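A.B. asks: What follows is a single structure, and I will ask about it in a moment.
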């Protein structure tokens, strides 16, 4: 039996392995998905990614499929509904940040700015390929993107969260040197 070599963080959990093999580090150019992943990374703050991953389908259901136009219209009743939902991470500040993030996304769209173009503008549309060695918690680029997201009003977008998001959506290829997904 052949063993597939993956990044160590994927471990032995089938859900983490599938996420690693099928999603993590794959360049993402769907604006809505880029936004969804940024919001989910914000929910991860202070927690392990597996916690969010296990709840992702419940998040999608609770947040109207992460359709920004729908989430942007969420009000206090929706916040209370989400706070009572045991299937998601019930952190009011993170829920409110997601609603505000949807509003900002919609404002950008109304102004003719694609979230995809915005996200990839920082690298000229190119993937940054690391050396496959030690992975930083943040970089000068994640600090720059974090500052711009915060300037626009996004929350839970510090440099470490932004770097994790950059890895997840393939802006950075941080697969380890021996990983089958490094290519």
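Cβ from N, Cα, C; glycine included.
The Zn(2+) binding site annotation in TrEMBL covers 7, 20, 175, 179.
Provide an account of the burial state, proximal residues and distances for the features listed.
C.D. replies: Within its own chain, residue 175 (Zn(2+) binding site) has 7, 25, 132, 181, 182 as residues 6 or more apart in sequence whose C-beta sits under 8 angstroms from its own.
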A.B. asks: Which chain-mates of residue 20 (Zn(2+) binding site) that are at least 6 residues away have a CB under 8 A from its CB, listed by sequence?
C.D. replies: 6, 7, 9, 10, 181
A.B. asks: Taking DSSP as the reference, which of helix, strand or coil describes residue 20 (Zn(2+) binding site)?
C.D. replies: helix
